[in-house]
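Please read the structure below before turning to the comments.
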Amino acid sequence: MALAILARRRAADALLRRPLGAAGASALRASYAAVAGEESDVVVVGGGPGGYVAAIKAAQLGLKTTCIEKRGTLGGTCLNVGCIPSKALLHSSHMYNEAKSSFAHHGVKFSNLEVDLPAMMAQKDKAVAGLTKGIEGLFKKNKVTYVKGFGKLASPSEVSVDLSDGGSTVVKGKNIIIATGSDVKSLPGVTIDEKKIVSSTGALCLSEIPKKLVVIGAGYIGLEMGSVWNRLGSEVTVVEFAPDIVPSMDGEVRKQFQRMLEKQKMKFMLKTKVVGVDTSGDGVKLTLEPAAGGEQSVIEADIVLVSAGRVPYTAGIGLESVGVETDKAGRILVDKRFMTNVKGVYAIGDAIPGPMLAHKAEEDGVACVEFIAGKEGHVDYDTVPGVVYTHPEVASVGKTEEQVKALGISYRVGKFPLLANSRAKAIDDAEGLVKVVAEKETDKILGVHIMAPGAGEIIHEAVLALQYGASSEDIARTCHAHPTVSEALKEACLQTFTKAIHI
């Protein structure tokens, strides 16, 4: 019996990896029907970073696992239209910008520099395709059944699936994990058509470089995509309702970050709201007004990017039909074991409260299936790092100085400028700083904030320190290779508990 089931699964996997004609689609549906007759230990609804990682981990723990994904390619928003393609374009555009503005200072000169946008997009698409296929390979390796289609809860132990190739099936599971992720947050009166008014998805595949780009929203995504097109030649204006960019960022670091972006010729209109949109002409006209009310103005753009945040993708997936509770924002409520109020139904990632980050979703997924398997799982949201992948990058973990002050905790701050870091000076990339916030009495590190090239890599030393309750002295007394930008973290820690050497 077990061999027969395995044979049916292998047949389904084989069909998923080749183009389907009518006969192939029919065979695939037959294979799904056979799988539907079985009961999985774990059924994961959603194949994004949280979902596919949960599925693989569940299989590794010996649980019979099925993953349902509506997109038709695994990796979710992150891999298909988010983290990965945006980082590809950020890197490509940075290379172009370096060639245009910095190479001559290093003795590298050439003429006829130009952007080949189709080639840039092709490189991005190649990276995405390779990684999505890689996850399918991991599913095959770990014997995870992959069902392509839109899944919704039919009962606490059943998921009804509208198959991508037509027809439907029901997948049964002892435990169901909702990992449906999130979607772009819309703004009243601003209709995204992915032509003139685009979401981050549309901003990743523009066919030409816009002369004028307006970004609505000064969060991580808006600033990253604004940076891409700014480097490639667009005149970029960022409109933000709040008084600051990236409100979650440490205030001192935020101010330096904004100055750096302005130095790169990005413009900011803070405390400003969009009250009207006109797309009747060739471009877009936005009517703006101060957030507190007042005189209106009009700004024109070829493309408008709406980047006002994300919302959980939890509507229309059958939660109400089985009684799963959500909050006012649509986030699924779970306990410390990621179980909802309905026994056997779990939720992870962007669909539940907490940071809307791919790496947080992955950790949720691992911990959730560990609980299901009878083990212990743990995710500490206070040690989840955040990174803005501009140049320089901005990375942080733990509490900001403002948060520590609001909690009434006595603290010390240590800062170290990259201008005093030998590696940063040697490579002529010394804009930024490292800031460490530590409890005054115990010297325990409470937060670390870095603006530097490669900050997204350096931050993990601080993540580990917070995870294990380290002091600033612990990092300061740890030998760091020289010359490295990472030495700036060591020096900031020295400055926190005693005094830095190189300032």
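Each residue's number is its place along the chain shown, starting with 1.
Backbone N, Cα and C define each Cβ position, glycine as well.
Nobody curates TrEMBL annotations by hand; they come from automatic prediction.
Residues or ranges marked as active site, proton acceptor by TrEMBL: H482. According to TrEMBL, the FAD binding site annotation covers K87, G151, T180, G181, S182, D350, M356, L357, A358, H359. The NAD(+) binding site feature in TrEMBL is assigned to G217, A218, G219, Y220, I221, G222, L223, E224, E240, G309. If you look up TrEMBL, you'll see C78-C83 marked as disulfide bond. The domain 'FAD/NAD(P)-binding' annotation in TrEMBL covers 41-365. Under the heading domain 'Pyridine nucleotide-disulphide oxidoreductase dimerisation', TrEMBL lists 384-492.
Ranking the binding-site residues G217, G219 by other CB atoms within 10 A of the CB puts G219 at the bottom.
The most densely surrounded of the binding-site residues T180, S182 is T180 (count of other Cβ atoms within 10 A of its Cβ).
The recorded positions in question are K87, H482, and the one with the fewest Cβ neighbours inside 10 Å is H482.
Comparing K87 (FAD binding site) with C78 (disulfide bond), their Cα atoms are 10 Å apart once rounded.
A simple Cβ count within 10 Å picks out one of the recorded positions C83, I221, L223, M356, A358 as the most packed, and that one is L223.
All protein chains shown were included, and the count of other CB atoms within 10 Å of the CB of E240 (NAD(+) binding site) stands at 25. Across the residues of the domain 'Pyridine nucleotide-disulphide oxidoreductase dimerisation' (384-492), the predicted structure has a mean pLDDT of 98. Every protein chain shown contributes to the tally, and the Cβ of C78 (disulfide bond) ends up with 23 other Cβ atoms within 10 Å. Note on proximity: of the recorded positions C83, T180, A358, H482, the one nearest I221 (NAD(+) binding site) is C83, by Cα distance.
Among the recorded positions C78, C83, T180, the residue whose Cα lies closest in space to that of G219 (NAD(+) binding site) is C83. Comment: FAD site residues K87, G151, T180, G181, S182, D350, M356, L357, A358, H359; largest CA to CA distance 30 Å, whole number.
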